[in-house]
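Take a look at the structure below.
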Ligand code: RP5
């Protein structure tokens, strides 16, 4: 699946459309920041040529950060990171079979020295944090994105303060 996007700065790729229900929280979070990610289903194992083509051309297509989600033997983020100098953020998925996503976490995080992947937590928390982390990278060179990020952080803090205040009444 690919979405139309004239100015993609973030690409969200996932190993299977079965990862989409979790990765929707990543895509929605990016959209909340005003970003319109390119979204692709690409598998390191089932569509290796597409994975290679995507990674090799991402920078010249204007992508600045890649978020890659996969479950089981989660090689997608690592294989992309080996083919591009762009920052790659990995999100381990809990597949319908397998040990609670721990297999994917280790496959994502245990990169050999020299080819890093910024691995997030397993599942929805990691998906959301991947979007925020990608936005933090873009915010370094984009004041409008930085302002949205600041608003988000302040609103998040305020929400907790309000809940605490309500408990004190
Ligand atoms: C991985 O294998 C995918 O990222 C998915 O999490 C897992 C299972 O894929 P499906 O069999 O659901 O397509 O490649």
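Each position is counted from 1, following the chain as shown.
Here the Cβ of each residue, glycine as well, is placed from N, Cα and C on the backbone.
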Same-site residue for substrate (record: TrEMBL; known: 16, 19; options: 46, 83, 153): 46
Binding-site residues near ligand 1 among 16, 19, 46 (Cβ under 6 Å): 16, 19
Residues within 8 Å of the 16, 19, 46 Cβ centre (excluding the substrate site residues themselves): 14, 15, 17, 18, 41, 43, 70, 71
